[in-house]
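Worksheet for the structure shown next.
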């Protein structure tokens with residue numbers, strides 16, 4: 001098996017990693033067999049080299065790529081070290097129009113350990129391909145924030161441009177990678193710089209249709225929004241031409257607010273929310289309550305059933321009060337926002353270049369938020385809608401128009417539980433009135449009753465989910481995305497919850513009746529965040 005055959009095996013492994021292979025097939029590689037499989041891959045390389053000589057490492061496949069390219073793309077550090085040991089090429093460009101080197105391929109998938117090995121082997125940090133892209137540019141193209149931070153910490157040229165005059169920030173904006181954008185701007189890349197076509201990063205964000213990137217540039221960096229490129233196009237006209245309606249609406253509002261001498265009161269945004277953060281679900285709930293549910297209850301249900309069902313009415317009224325208290329508190333209180341622009345973030349960024357434990361799997365950048373410029377404790381997450389990092393982030397709830405986190409999870413649970421009880425009693429009242437008045441009563445309210453059932457079904461599902469998460473000391477975000485978090489996985493990659501201490505203790509912690517038994521520490525050498 002020559003270099004082509006070995007490349008084929010590496011390509012198969014890259015496209016079909018063990019976690020994604022059907023484990024019922026005999027040819028699958030199980031998770032616990034992965035280290036053994038990698039060892040066999042290394043042995044295969046060694047066997048071929050011993051048989052045909054180290055010159056085989058110099059060869060390219062049919063597309064002009066060396067073995068080192070595929071090794072770097074797949075993140076096989078053990079094979080890369082062997083190639084370096086055998087004096088094989090690890091910095092040869094591909095023999096094609098782009099001419100990328102193995103370090104560029106490593107940046108596609110964000111393999112920091114691979115890049116670290118290459119830099120130790122004297123690969124140039126800012127080496128360019130035939131299109132002028134540096135490793136930093138490629139990392140930003142693919143949204144590899146942690147690798148971009150590593151490269152910047154190592155001294156990568158943040159002002160480097162490709163053949164079209166685009167900086168790494170231009171590429172990040174065009175791909176909608178807002179977190180990479182924040183890191184680059186924080187590191188000194190200008191958001192106002194134009195490329196060879198006279199386009200700023202805002203132009204490219206409007207072309208790609210990334211509202212988040214547009215808002216980042218306009219709100220946090222106050223970039224000029226009426227810059228005309230060499231084709232006579234502004235960011236707004238580009239967004240209009242590509243029918244990115246939310247961006248068009250946002251830029252029109254932003255333009256009016258900047259040119260008006262009087263602060264503009266945006267009634268539409270106040271009533272229905274700004275672009276990308278609609279109040280629709282909350283308004284749907286409120287309109288149903290005040291235009292149908294309460295009038296129906298006051299003028300129809302209450303007069304006919306008060307004396308017969310007095311105690312149930314009292315319970316219903318009580319939980320209506322608790323429901324509104326829970327909704328008001330949950331929607332208005334700080335859910336647990338982390339502070340912005342912290343000294344810990346700045347220290348962590350500066351220490352990247354001195355952190356030499358990548359090969360052990362430690363990553364000093366995984367807990368950094370480059371939008372908020374803060375260090376995130378475990379279980380926290382950046383909410384793209386609120387644009388803030390939230391402690392013990394659960395989810396962003398459109399029905400309360402706020403994030404649910406450590407400081408408002410109790411009021412959210414109160415709101416959901418009260419809504420479920422009120423909805424259940426409401427369904428009971430409908431059934432009771434049907435028994436009194438027959439089908440004619442149901443036909444009068446043929447639209448309202450299905451809406452009640454829809455809202456009631458939603459609240460029941462959310463209540464069961466909330467109760468389960470409270471009882472197991474888990475958040476919705478962790479439940480849905482546990483594969484993204486190594487602290488929620490066992491040695492074989494299966495789910496494991498280190499915070500689960502039994503229902504009683506979990507519930508006490510959820511309701512803040514007991515201090516968490518587990519203290520999460522994020523260590524960045526000299527930086528320790530509890």
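Cβ coordinates are placed from backbone N, Cα and C, and glycine is handled just like the others.
According to TrEMBL, the feature domain 'Palmitoyltransferase DHHC' maps to 366-482.
What TrEMBL lists as repeat 'ANK' is 98-130 (among others). Listed by sequence, the residues of this chain that lie at least six past the ends of the repeat 'ANK' (98-130) yet keep a Cβ under 8 A from its Cβ atoms are 66, 68-75, 77, 80-81, 84, 90-92, 136, 138-139, 142, 144, 146-147, 150-151, 154-157, 160, 162, 356, 358-359, 361, 363.
Outside the repeat 'ANK' (131-163) by six or more residues, the chain places 98, 100, 103-104, 106-112, 115-116, 119, 125, 169, 171-172, 175, 177, 179-180, 183-184, 187-189, 195, 349-353, 355, 358, 363, 365-366, 368, 370 with a CB less than 8 A from a CB of the stretch. Taken from TrEMBL, the feature repeat 'ANK' covers 131-163 (among others).
Here TrEMBL flags 164-196 (among others) as repeat 'ANK'. Beyond the ends of the repeat 'ANK' (164-196), by six or more residues, the same chain brings 132, 134, 136-137, 139-145, 148-149, 152, 158, 202, 204-205, 207-210, 212-213, 216-217, 220-221, 223-224, 227, 229, 349, 369-371, 373, 382, 384 to within a C-beta distance below 8 angstroms of the stretch.
Positions annotated as repeat 'ANK' by TrEMBL: 197-230 (among others). Within its own chain, the repeat 'ANK' (197-230) is flanked in space by residues 164-167, 169-178, 181-182, 185, 191, 236, 238-239, 242, 244, 246-247, 250-251, 254-255, 258, 275-276, 371, 384, 387, which lie at least six positions past its ends and keep a Cβ under 8 Å from the stretch.
Annotation source TrEMBL lists transmembrane segment at 282-299 (among others).
As annotated by TrEMBL, transmembrane segment applies to 412-434 (among others).
Residues annotated as transmembrane segment in TrEMBL: 454-476 (among others).
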Report the DSSP secondary-structure composition of the repeat 'ANK' (164-196) as helix, strand and coil residue counts.
18 helix, 0 strand, 15 coil
What is the number of residues in the repeat 'ANK' (98-130) that are helix, strand and coil, as DSSP sees it?
16 helix, 0 strand, 17 coil
Quick one: DSSP breakdown of the repeat 'ANK' (131-163) into helix, strand and coil?
16 helix, 0 strand, 17 coil
Could you break down the residues of the repeat 'ANK' (197-230) into DSSP helix, strand and coil, giving a count for each?
18 helix, 0 strand, 16 coil
Based on DSSP, tally up the residues of the domain 'Palmitoyltransferase DHHC' (366-482) by helix, strand and coil.
66 helix, 16 strand, 35 coil
